[in-house]
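Participant: According to Swiss-Prot, the protein carries these features:
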type	residues	note
ACT_SITE	Asp127	active site, proton acceptor
BINDING	Gly11, Arg72, Tyr73, Gly102, Asp103, Gly104, Ser105	ATP binding site
BINDING	Arg21, Ala22, Val23, Val24, Arg25, Arg154, Gly185, Ala186, Asp187, Lys213, Lys214, His215	ADP binding site
BINDING	Asp103	Mg(2+) binding site
BINDING	Thr125, Ile126, Asp127, Arg162, Met169, Gly170, Arg171, Glu222, Arg244, His250, Ile251, Gln252, Arg253	substrate binding site
Amino acid sequence: MKRIAVLTSGGDAPGMNAAIRAVVRQAISEGMEVFGIYDGYAGMVAGEIHPLDAASVGDIISRGGTFLHSARYPEFAQLEGQLKGIEQLKKHGIEGVVVIGGDGSYHGAMRLTEHGFPAIGLPGTIDNDIVGTDFTIGFDTAVTTAMDAIDKIRDTSSSHRRTFVIEVMGRNAGDIALWAGIATGADEIIIPEADFKMEDIVASIKAGYECGKKHNIIVLAEGVMSAAEFGQKLKEAGDTSDLRVTELGHIQRGGSPTARDRVLASRMGAHAVKLLKEGIGGVAVGIRNEKMVENPILGTAEEGALFSLTAEGKIVVNNPHKADIELSSLNKSLS
């Protein structure tokens, strides 16, 4: 394989630029030409395919976002869109593609593979909801951003003896909420993977203030409900505290990636090129126990809950490459 391309698709994630850089630099070291596909699958179909060299990626490892830009392109789910994209790839002499994105992006890579075109998937999403990898590119940065914001909110919450419901991203996965909540000593962590009762949360808030607590911090995954709706339900369940709600929003997607995300993205990008060099396609790169692994992209792209909860309060991870997490005390004070 002498000529490959790289694209980013779906929601952006810190570390995508580091992955692109690694793909380009590794490809050059392997004697391969590398092209950038701008604007994801939409750009592929439109022929926005341009050569990249070491200078193109010389100053991007520390930048958030993706310099190749990203776009959602549902038309690629249709055969017509796929064939147009492949036509453009062949026109530019591209023999393989590295796709950086979430499960929607993986579906596109899977379609390319089904048409006999080698594609490698890299997990680029802050949600950490990709099967077959312990961590996704961007997750660590998003958790760190959420942690910093929650720490600041705790300061003002303590000053006014307030309860804060803080909504974080994650789509249908509770990973950001879980990690950021534990890291900040949140009083309650509400995630889609675990059931909860409003009356229990109200009782916990009341007990905390009666014991002299100066604040109550509730970290809420967006996949459960909005912070505004959750706050309203708390009041309906009898909460009488001075309540505020905050949605952290897209700040979690931006910013310079952490060292962990930069290293993870670099390792994954280089590994993807080595696979293509060996003629391997149709797989997604992941990290398990700090080692690079490959999984069939067909299974990796399938959506579904990554967690289920046992009666004992233990998370059973449907993704076998994620560690089990004890949740028996998560709906109690972690302060």
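From the backbone N, Cα and C atoms, a Cβ is placed for every residue, glycine too.
These numbers come from a predicted model, not from an experiment.
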Participant: Write down the Cα-Cα distance for Arg253 (substrate binding site) and Lys214 (ADP binding site), rounded and given in Å.
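Facilitator: That separation, Cα to Cα, works out to 31 Å.
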Participant: Val23 (ADP binding site): which of the binding-site residues Tyr73, Gly102, Gly104, Arg171 is the nearest Cα neighbour?
Facilitator: Gly102
Participant: Please determine which of the binding-site residues listed here (Met169, Ile251) has the lowest count of neighbouring CB atoms within 10 Å.
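Facilitator: Sparsest of the binding-site residues Met169, Ile251 by Cβ contacts within 10 Å: Ile251.
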Participant: Of Arg21, Arg25, Arg72, Tyr73, Gly185, Asp187, which binding-site residues come within 10 Å of Thr125 (substrate binding site), going by C-alpha to C-alpha distance?
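Facilitator: Cα within 10 Å of Thr125 (substrate binding site): none.
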Participant: Which residues of the same chain, at least 6 positions away in sequence, have a Cβ lying under 8 Å from the Cβ of Gly102 (ATP binding site)?
Facilitator: Gly10, Gly11, Pro123, Gly124, Thr125, Asp127, Asp129, Ile130, Thr136
Participant: Taking the Cα atoms as reference points, how far is Arg25 (ADP binding site) from Tyr73 (ATP binding site) in Å?
Facilitator: 28
Participant: Roughly how wide, in whole Å, is the group Arg21, Ala22, Val23, Val24, Arg25, Arg154, Gly185, Ala186, Asp187, Lys213, Lys214, His215 that binds ADP, by largest Cα to Cα distance?
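Facilitator: About 53 Å separates the two most distant Cα atoms.
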Participant: How many other Cβ atoms are found within 10 Å of the Cβ atom of Tyr73 (ATP binding site), counting all protein chains shown?
Facilitator: 22
